[in-house]
Amino acid sequence: MKTTIFSTVILYVVLTAALNGKRTKHLRPVLERREEQVLQPIVGDKGAEILVPKNHAIDSQNRDSLQVPPSDAGLVMNLKWSFSQSMMNLQQGGFVRQQVASDLPSSQDFSSAQNHLAKGAIRQMHWHSLNEWGLVTAGSVLIAAVSNEGKNQVFRADKGDIWYFPKGQGHTIQGLTDPGAEYLLVFDAGDFDSTSRTLNVADWLIHTPPSVLAKNFGVSNNTFKTLPKALGSIFRGNLSSGSILSPYGKLEGNSSYHFQASKMPMKDAPGGGGKYMIVDKNNFPIITSLAAMIVEVKPGAMRELHWHPTGVEWLYFESGYARATVWLGGGNARTFDFEAGDTAVFPDNSGHYVENTHPTETLRYLEIFQSDKVVDFGLEQWLALTPPDLVAQILNVSVETVKSFKSERGILVKGKE
Ligand SMILES: *[C@@H]1O[C@H](CO)[C@@H](O)[C@H](O)[C@H]1NC(C)=O
Ligand SMILES: *[C@@H]1O[C@H](CO)[C@@H](O)[C@H](O)[C@H]1NC(C)=O
Ligand SMILES: *[C@@H]1O[C@H](CO)[C@@H](O)[C@H](O)[C@H]1NC(C)=O
Ligand SMILES: *[C@@H]1O[C@H](CO)[C@@H](O)[C@H](O)[C@H]1NC(C)=O
């Protein structure tokens, strides 16, 4: 019976490939389904087949939790959360789904949200009691913000662009494109869902006595009678012309909230394994926290073994497939698998790598830190710049091996070809 299924798959592979080269993409699900059938927690002579019914989809997405690499050991708490597990907050003209500390308790320093706005849909005016970092992941949005000095900025952010609002800066967002626009938000605390993290302006006005509103704005008591009774955070609207000038001037140059990453080329990593872009205080001066690195790793290549002296790292996987082993010292290490829509958090100063596990697809992900700069240490450089006879004795490898290590950072390495 098994042989029959296998032959059928092979026949399908051959036929489809012969009929149309492009169609081979459709084979993935077929092959994956077959793979799931055989994926069992067995590595070498350890483990055994699971006898009871199991969740094939989740098992296959977490292969290294099932077929645990023999180098994994000890206790490392869960460090992965997929947005697919989050509860959607459905709104008129969009949605929000969050990843907060109650989803991923190891993420006390970061929370995040995936957002969708239909063309014309408006994310109402608000501010946060946290610093906000935004990345447009689909389409384009219009953003309007005002600083406490009365300077303002109204800008279009396209796919790939980044924004940053220091804690307390009021802003609003509108979707500009069909079939909608999406953006990822990252905040520098895990409890984004707690009270007073998000302050929506309509909510404030609804909860202020009308006579106070009348006095504050110099209008009649009836003016705000039409305030929406139950306004969601997102609602459908008409496209704005996007124009308003402040007598105090524009937020531009070093005060700009907008980083036009979509117009900037990414840097080739010296290790030849892909491209990266660092967005921090050095090129986006408004940033005081949430320094970021956007990473594109070629198939089979890897973000080299490294660690971050500045603290916890938060990650978001935009596309492709990856695995990472996080080592916490004391013999504790655990390997996680990732794909598009997954988030992760790597503990303060933990050693790790991020490997593209797909044979043909580029891996795109981002690293974010509670710091104004991206800072990391590369293991190879450290080993290469320590006296080789010492390193050789410590690691019990030959001096020649140590001398072959590169003193220049690789960042993204592709290994030997
Ligand atoms: C507005 O309401 C306040 C409080 O109810 C009242 O004292 C005031 O006279 C009202 N003003 C006008 C212009 O109606
Ligand atoms: C939005 O556009 C519709 C259709 O043109 C119009 O009826 C409506 O008044 C507009 N709403 C606002 C607030 O401008
Ligand atoms: C803008 O920021 C950069 C980098 O922090 C700095 O070198 C430059 O002097 C600043 N320019 C102004 C006009 O403040
Ligand atoms: C170093 O490697 C050699 C060769 O494999 C082995 O015999 C020796 O036991 C190792 N030393 C240590 C301290 O593990």
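Heads up, the Cβ atoms here are built off N, Cα and C, so glycines get one too.
Curation does not apply to TrEMBL; its annotations are automatic.
Annotated features, as they stand in TrEMBL:
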- GLU367: active site, proton donor (ACT_SITE)
- HIS126, HIS128, GLU132, HIS171: Mn(2+) 1 binding site (BINDING)
- HIS306, HIS308, GLU313, HIS352: Mn(2+) 2 binding site (BINDING)
- 88-225: domain 'Cupin type-1' (DOMAIN)
- 259-403: domain 'Cupin type-1' (DOMAIN)
- 1-18: signal peptide (SIGNAL)
*With every protein chain in view, how many other Cβ atoms are within 10 Å of the Cβ of HIS128 (Mn(2+) 1 binding site)?*
22
*HIS308 (Mn(2+) 2 binding site) and HIS126 (Mn(2+) 1 binding site), Cα-Cα, nearest whole angstrom*: 33
*Looking only at Cβ atoms, how many others are within 10 Å of the one on GLU132 (Mn(2+) 1 binding site)?*
24
*Entry from the binding-site residues list HIS171, HIS306, HIS352 having the most other CB atoms no farther than 10 A*: HIS352
*Select the closest residue to HIS128 (Mn(2+) 1 binding site) from the following binding-site residues, measuring between CA atoms: HIS306, HIS308, GLU313, HIS352.*
GLU313
*GLU313 (Mn(2+) 2 binding site) CB neighbourhood, other CB atoms within 10 A*: 26
*Helix, strand and coil residues within the domain 'Cupin type-1' (259-403) as assigned by DSSP*: 22 helix, 64 strand, 59 coil
*For the domain 'Cupin type-1' (88-225), DSSP counts of helix, strand and coil?*
17 helix, 65 strand, 56 coil
*Summarise the model's confidence over the domain 'Cupin type-1' (88-225) as a mean pLDDT value.*
96
*Between HIS352 (Mn(2+) 2 binding site) and HIS171 (Mn(2+) 1 binding site), how far is it from one CA atom to the other, in Å?*
36
*Specify all same-chain residues, apart from the site residues HIS126, HIS128, GLU132, HIS171, whose Cβ lies within 8 angstroms of the center of the Cβ atoms of the Mn(2+) 1 site, ordered by sequence.*
TRP127, PHE165, GLN169, GLY170, THR198
*Using Cα coordinates, what distance in whole Å links GLU367 (active site, proton donor) and GLU313 (Mn(2+) 2 binding site)?*
6
*Roughly how many Å separate the Cα of HIS306 (Mn(2+) 2 binding site) from that of GLU132 (Mn(2+) 1 binding site), to the nearest whole number?*
26
